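Notes to accompany the following structure.
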Amino acid sequence: MAAVLEGQEPEETAAAAEDAATSTLEAVDAGPGAPFLPAGNQLNLDLRPGGCHRLQYLCSQQPPQLLQVEFLRLSTHEDPQLLDDTLAKVPWSLLRLRSLVLKGGQSRGALGACLHGTLTTLPAGLSDLACLAHLDLSFNRLETLPTCVPELHGLDALLLSHNHLSELPEALGALPALTFLTVTHNRLERLPLTLGSLSTLQRLDLSENLLDTIPSEIGNLRSLSELNLASNRLQSLPASLAGLRSLRLLVLHSNLLTSVPTGLVHLPLITRLDLRDNRLRDLPAELLDAPFVRLQGNPLGEASPAPPSPPDISQVPEMPRLLLTSDLDSFLVTPHGCSVTLACGVRLQFPAGATTTPVTIHYRLWLPEPGLVSLGPHDFLLSSVLELQPHGVAFQQDVSLWLLFVPPRVRRCREVVVRTRSNNTWNDLETQLEEEAPKRLWARCQVPHFSWFLVVLRPVSNTCLLPPEGALLCSSGHPGVRVTFPPGVTEEPRQVSMQVVHMAGLELRTLLEESEASVSPLLCLSQSGPPSFLQPVTVQLPLPPGVTGFSLDRSHLHLLYRTPLTTTWDDITTQVALEFTHLYARFQVTHFSWYWLWYTTKTCVGGLARKAWERLRLHRVNLIALQRRRDPEQVLLQCLPRNKVDATLSRLLVRYRGPEPSETVEMFEGEKFFAAFERGIDVDADRPDCVDGRICFVFYSHLKNVKEVYITTALDREAQDVRGQVSFYRGSLPVEVPAEAEAARQRKGTDALWMATLPIKLPRLRGAQGSGQGTDFSLMPLNLGDAETGFLTQSNLLSVASRLGPDWPAVALHLGMPYHKLQRIRHEFRDDLDGQVRHMLFSWAERQTGQPGAVGHLVQALEQSDRRDVAEEVRAILELGRHKYQDSIRRTGLAPEDSTLPGTSASQTPESAQA
């Protein structure tokens, strides 16, 4: 084995060490004192606990097999002192050791994340391992590189990933045989200048660190073939990188680069240069046209933003800060400006002078529904809808708005924008993203007026103002897509934009049942102004994957055009003159719409393109219905993407039980659907989202699509269980979805709208549970709240009391009830839990009658007690009451008509949908 290792590449050495993990320690576990013998030249002690004790035992016994060991794996999830004592014995006992793996990561935390080992240093004696060629210290707690490592002059591969290293020592350059070095996922802020002395280094991985500069000495690594600097903070690169003549792979994505050395494109062996997700705005033509360069996610062709002028701190007074609670829906803005945080998490900042007179701002957070949400064919909704009033009010200075949104699952070639309604049209605002914490993202924008606002994920859009002199528009998501406008193409400047949508090749081949089929990215071109141009415009699209301009069969290539305002795709291959290069196809058009290149042996491509386009917009989901274990009358309904079902169920089944999820169904973004309880089971509440006994949903793929409802039955539960069911039915589709798409997707049969049915069981009531709620409980009529915000009546409070159960003491304390009074209620109703809850809730309510903010206090107490399900039900009751009150005063003519919602009438109640 030793003779073979002399000529192995570093990856082969690492692979040999990894193969050692599959061997086991030959041990006789018959009793204490059993001998532990290595298997051949491999000793693997990381697969079982107690590895250090086993190694110490072997070192003390010195069996002959120990002298043959060349591969040692030892877990670092051990006591630090025991680990240090054990490693100190290694140089004296394992003289032929060539590979030493001291990794953490074998243990996992509660959330499944790999845990780091306890290793913080190495004994100095390890430098005596003269044969050591492979050292793996990954997933540990190293803050500095142990001093013995640079003294291992025979080291060929060094793995330091997932540690806490902030720098590497200058002595690292004294490893003359090193060919493989990885230091990913550390905290490196600088690199040693001696790194350039590693003349034999072939692979270097420094990704996921904090590097902002690279020393020019890195250009001395003449043998380097792979260099990974992804996910750092690099703003520029040294020109010496162009001297790495052996370089084949250079990965620089997810940095802050604004420029790159032009010489990189001339490296003789380079096969991939990854520059995605940087800040590159202008690149030489050699880099733009090179087939091995990846440029997605860069603002190519966009103008640099003007740097903000620093404010004069000495003259700027401190801005007032307002923090609104859940019972407030308005605030006052004065000419001095203010910073406001709404109860829903939204933030606003009004600069001084934004208003000339005091203005009262009202806000409301709407649950999304088609009438309130405007989405393009390939857009996804990421937030609820925020309404700010008064609509259309003009500010003297732009107001800053921060909206929380759901982090998108996929960001490749997509961008997050804030969408607003202005002059009866929806527009996207220039948006910056800010990360407060992992998975807590803000979309920030400047708003000149108030209206409706929502956060949308859309394909990357590139826009320019086209002058009569012509222009070149490139896609930052796919730099190979570009549109060339010749001089004289327009008389007046007009706005032109492009979007590029990708389709997975596997889905296409499954749809066409053809293994060789492929398509180019889908290109959408739009403009403001006349529908056609004065001169033809040249469009460049990349050829479908696997197809080159020199080998393609032209009879299999089709250029498709989607007619505006229709759903049909026309094959216009014979109507345009297609020009081909090795990687691209070029053609000229005078109208803008959707364009798509297909390479297939099929002949009727238009119909297939329509199906493929619809497939891009469909989501495969499953429906679940679960009952709370301690309260079967509480039912959770949710629509989940297929790939999230298992993880969600594993989290919910601790508190819920229920049937298996439904079969997979397909839904469009923004599609309505309903849940109807059947066979003796009904919804036990008057809810604004309950229409004709059915719970209304609107599906948005990135939102939760979940509701918790309470159910009841008119059947006798004292005699037996009530076995009912909940069925899910389709509702209306978004307006942009064509009718033929709806028809093609529906089931054939008597009920084409039915999607799934899941069983629901209300268990038999036993003993005193069979008596009706509150049959022996009587109070005077009670109203909490007011007509504007909504009332809670006696029956509403009884319903709330029936939900609380053993959680009522926590709610009572959050409502401000003294602990001694809580104990007295427990004593007076010690055998009656329902009596305890009702007495607590109604005694509090009687004291609050006529006082403002009582209902908001109750909702806040429920949320603080982790009963958000009951808090949402209270909000739903108030919402319904508020709508009824507003409708009644409109019918009697006591109030003027409010400004209507987009897509709804003034008298129409917006149908709530679950975010």
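Cβ coordinates come from backbone N, Cα and C, glycine included.
Per Swiss-Prot, the features are as follows:
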- 327-459: domain 'ZU5 1' (DOMAIN)
- 460-601: domain 'ZU5 2' (DOMAIN)
- 793-878: domain 'Death' (DOMAIN)
- Ala2: N-acetylalanine (MOD_RES)
- 428-457: region 'Peptidase S68' (REGION)
- 571-599: region 'Peptidase S68' (REGION)
- 177-199: repeat 'LRR 3' (REPEAT)
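Sequence-distant contacts of the repeat 'LRR 3' (177-199) (same chain, at least 6 residues past either end, Cβ-Cβ under 8 Å): 9-11, 14, 133, 153-171, 205-215, 217-223, 228. Secondary structure by DSSP for the region 'Peptidase S68' (571-599): 3 helix, 17 strand, 9 coil.
Across the domain 'ZU5 2' (460-601), DSSP classifies residues as 14 helix, 66 strand, 62 coil. Across the domain 'ZU5 1' (327-459), DSSP helix (H, G, I), strand (E, B) and coil residues number 0 helix, 70 strand, 63 coil. Each residue of the repeat 'LRR 3' (177-199) gets a DSSP state, and the totals for helix, strand and coil are 5 helix, 3 strand, 15 coil.
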